[in-house]
Amino acid sequence: MKRDLAMSFSRVTEGAALAGYKWLGRGDKNAADGAAVEVMRSLLNKTEISGEIVIGEGEIDDAPMLYIGESVGVGGDAVDIAVDPIEGTRMTAMGQSNALAVLAAGEKGSFLKAPDMYMEKLVVGPGAKGVIDLELPLTENLENIAKALGKTLDTLVVTTLAKPRHDQIIADMQAMGVRVFAVPDGDVAASILTCMPDSEVDVMYCIGGAPEGVVSAAVIRALDGDMHGRLLPRHEVKGDTEENRKHGELELERCAEMGVTAGIVLKMEDMARSDNVVFSATGITKGDLLEGITRQGNIATTETLLIRGRCRTIRRIKSIHYLERKDPEVVGHIL
């Protein structure tokens, strides 16, 4: 990919974040997501790429925009794109912290193509690279990670999602003496924090969305961390009801169609096959990773994390936006 595409992608996440911010605290997560999706798609379609959405808003029948397989761009480098226009739609709707607009881009074939289903994820930073194994119990993994980092278990910090499915896992980790930070949503940000030198987070473990897992794998590879994942059908996560099993069986059928296997351990290199990736995330609300948007009248300020994997360059970009000067098709979503 051309080097200057990185800045183009940062403008895409900035636009999506500004669109989501308009719905901050209004209680309508679907409206926030819809606005961010429309602006992200519009800006991607002005970018000099021949892009394909490989991780997006879902299948073509369920998502009118940014669906898996959609072509975007005006022509140029062949690029695979993984997006999450708002990671944390509920957090945006409720005015809570850590909401982001996220995009990862790489050469064709860079990213795992997987259905929108659950994924078990275990993420660590460079200091514990090579010691994780999702085939082992989580408790054993935590012991191995602590040893690799030269830490005792009572100084190890794990971030997970505050979901009922994690209640027993959280209790088991705390019984080991591990400190657990349970956040409502946002495992991409939590994963990145394992690799940031100024963060105290050592491990991210959760069962969350597969799209977020692939995005995380891309940025974790760019930051020289490590990650394992495992695709899980709905009935193995949400309970074996008739409805969940029916949904889960459809997910397994879709896995077979896409050439991926649920239930096996996916290593980072299976999910992100190249380090020639660009990752961009713009904060919507203030969080542990990024500042949120601030706005005075029609002037807004954003902070974006922009990472180029091949040269391992990490940039934090503060931008001031005069909103009425944006493209006409964008202005209506951000003013």
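Even glycines carry a Cβ here, placed using N, Cα and C.
Nobody curates TrEMBL annotations by hand; they come from automatic prediction.
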Among Glu14, Glu200, Glu212, the candidate listed by TrEMBL alongside Asp84, Glu87 for Mn(2+) 2 is Glu212
Which of these, Gly56, Gly58, Gly209, does TrEMBL say binds substrate at the same site as Glu87, Gly88, Thr89, Tyr118, Lys163, Pro164, Arg165, Asp185, Gly186, Asp187?
-> Gly209
In the three-state DSSP scheme, Arg165 (substrate binding site) belongs to helix
Fewest other Cβ atoms within 10 Å: which of the binding-site residues Gly186, Gly209 wins that one? Let me know.
-> Gly209
Which binding-site residues sit within 10 Å of Asp33 (Mn(2+) 1 binding site) - Cα, from Glu87, Thr89, Arg165 | Glu87, Thr89
Counting every protein chain present, what is the number of Cβ atoms, excluding its own, within 10 Å of the Cβ of Asp84 (Mn(2+) 2 binding site)?
-> 29
